[in-house]
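Straight from Swiss-Prot, the features:
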- Thr7: active site (ACT_SITE)
- Gly162, Cys165, Thr168: Na(+) binding site (BINDING)
Amino acid sequence: MEQFHGTTIVSVRRGDKVALGGDGQVTLGNIVMKGGAKKVRRIYNGKVLVGFAGGTADAFSLLDRFEAKLEKHQGNLTRAAVELAKDWRTDRMLRRLEAMLITADATTTLVITGNGDVLDPEGGICAIGSGGAYAQAAATALAHNTELSPREIVEKSLEIAGDMCIYTNHNRVIETIE
């Protein structure tokens, strides 16, 4: 069976504000299965934002594990991310999961990959998924050349990615921490 895939998740941090947004399209092969999926969420009592790209079931499995790590480490985002990445890399079953996460709290944004990488994005901007490169390029240009808020930059970046990537639509969910 083909894997569910294709999405765009983008995060922008500017000053003491961060926004994380994603589109709503779920694709199975060349068929759009759902247009209004919610791939960006608030967890840990609303203090942490998380967005996911990749296999839907894989992403939900990782999201559950990440939430457990956050609880275990009292909301320490970096520690929870590193512990999840360690498990992801060493556990035989977890290694087969195909997904990526972007996580953000009031002070930190991290990208967590299936290779066991935990990346702190340069310049406070990162994006993942099939439309990630388009969204990241747009967000970087907007951040460098405008005074738009992180939420506005995320919204416009997702709009541009949705215009260019066939696996990304214009149904957006955007969460912020200010």
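Note: Cβ is positioned from N, Cα and C throughout, glycine not excepted.
Shown here: features listed in Swiss-Prot, placed on the structure.
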residue : record             : DSSP class
Thr7    : active site        : coil
Gly162  : Na(+) binding site : helix
Thr168  : Na(+) binding site : coil
Separation of alpha carbons, Thr7 (active site) and Gly162 (Na(+) binding site) (Å): 9
Environment of Gly162, Cys165, Thr168, the listed Na(+) site - residues of the same chain whose CB lies within 8 A of the CB centroid: Thr8, Asp23, Gln25, Ser130, Gly131, Tyr134, Leu158, Ala161, Asp163, Met164, Ile166, Tyr167, Asn169, His170
Gly162 (Na(+) binding site), number of other Cβ atoms within 10 Å: 22
Number of Cβ atoms other than its own within 10 Å, given for Thr168 (Na(+) binding site): 29
Distance from the residue listed as 'active site' back to Thr168 (Na(+) binding site), taken between C-alpha atoms, in Å: 5
Sparsest Cβ surroundings (other CB atoms within 10 Å) among the recorded positions Thr7, Cys165: Cys165
Alpha-carbon distance [Cys165 (Na(+) binding site); Thr7 (active site)] in Å: 9
